[in-house]
Amino acid sequence: QGFTQKYIVKNYFYYYLFKFSAALGEEIFYITFLPFTYWNIDHSVSRRMIIVWSIVMYIGQVSKDILKWPRPLSPPVVKLEMRTNAEYGMPSTHAMAATAISFSFFIATTNQYKYPFELGLVAAFVFSTLVCLSRLYTGMHTVLDVIGGALISAVLLMLLYPAWDMIDHLLLTSPFCPLFSIVVPLVLCYNYPKLDYYSPTRGDTTTILGAAAGATVGFWLNNQYAAPTNTSKSFQPGFPLVTSTMVFVLARFFVGILVVLLTRWVMKSVVLGALGYRYKFPIRDLEARRRLEVEVPYKFVTYSSVGFTATVIVPLLHELLGLM
């Protein structure tokens with residue numbers, strides 16, 4: 001599993017298209033697009049996407065380690081990625097995340113903002129299809145893995161949609177929301193299905209649930225203190241106004257991402273250092289960092305801090321800098 005099969009790229013357009021599409025189902029996309037919608041589009045849209053994303057991804061990751069279906073064999077398949085090779089294949093969580101995020105964004109915005117219904121539907125379909133095809137191109141999944149992931153995500157989205165408003169209302173108003181948002185994900189992470197060998201699925205799941213937990217606490221806190229809400233109402237016709245709006249959008253995004261990445265770096269160092277002191281291991285010891293008592297608190301605290309920063313600290317900073 002530790003070697004990379006040699007290959008020759010014959011079509012660079014497909015190569016870079018699907019390498020880029022594969023990245024749309026990874027952390028780099030989540031940590032940019034989800035906060036972007038919160039800072040620049042609409043809080044309610046962002047909340048719904050994060051709820052759906054976290055539930056869908058948890059079910060997908062757990063399903064992998066319960067079903068234990070292997071990934072495609074290499075050879076004959078050429079694999080362009082190695083990090084996720086230790087994970088099982090069915091279902092494709094890239095396909096699940098792409099389907100959940102694109103269609104939940106489409107459903108959440110179609111009734112609030114004026115744009116052609118067909119355009120939104122096509123955009124969601126193209127986005128999810130590109131991510132699904134990228135998993136075949138990179139050799140990480142079979143066709144069945146991808147179809148299964150997309151279908152499971154679609155079914156979960158249909159089941160969750162009728163309860164969106166109720167869930168959103170409870171998360172914003174219930175006095176038990178902060179406790180529930182932290183305790184339940186932690187219990188799920190500590191009781192994640194055990195494997196005979198190390199797989200990054202538990203760590204990735206902890207990252208996702210931690211980020212969602214921190215963001216949910218931030219949603220609740222913002223609602224208690226009536227934090228400013230970003231909506232697309234600020235986008236009005238007229239070139240000068242659109243130009244001015246885009247400057248604010250980009251400014252909010254770059255300031256926010258800088259703060260989020262700084263938070264992640266600081267918290268990783270602090271939490272890992274504290275755990276290393278507690279359990280007596282050097283910070284660079286990869287095997288020690290994979291232990292349950294280290295990996296779960298390390299990733300959960302780090303990414304819950306990221307989620308909280310993105311939803312509370314960054315909007316306050318935007319307001320302080322006059323970017324609202």
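Every residue gets a Cβ built from N, Cα and C, even glycine.
Automated prediction, rather than curation, is the source of TrEMBL annotations.
Keep in mind the model is a prediction, meaning the values are calculated, not measured.
The domain 'Phosphatidic acid phosphatase type 2/haloperoxidase' annotation in TrEMBL covers 46-161. For 12-38, 50-67, 88-107, 119-137, 144-164, 170-192, 204-221, 241-262, 300-318, the entry in TrEMBL reads transmembrane segment.
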Give the nonlocal contacts of the transmembrane segment (50-67) in its own chain as ranges (CB under 8 Å, at least six residues past its ends).
30, 34, 87-91, 93, 96-97, 100-101, 104, 149, 152-153, 156-157, 160, 164, 167-168, 171, 188, 192-193, 195, 199, 201-202, 204-205, 208-209, 211-212, 215-216
Are there three or more C-beta pairs under 8 angstroms joining the transmembrane segment (12-38) and the transmembrane segment (241-262), sequence spacing 6 or more?
yes
Express the predicted model's confidence over the domain 'Phosphatidic acid phosphatase type 2/haloperoxidase' (46-161) as a mean pLDDT, rounded to an integer.
85
For the domain 'Phosphatidic acid phosphatase type 2/haloperoxidase' (46-161), give the DSSP counts of helix residues, strand residues and coil residues.
84 helix, 0 strand, 32 coil
Checking distant contacts: for the transmembrane segment (88-107), what same-chain residues at least six beyond its ends satisfy Cβ-Cβ under 8 A?
22, 24-26, 30, 33-34, 37, 45, 48-49, 52-53, 56-57, 60-61, 63-65, 67-72, 120-121, 123-125, 127-128, 130-132, 134-135, 140-142, 144-150, 152-154, 156-157, 161, 199, 201
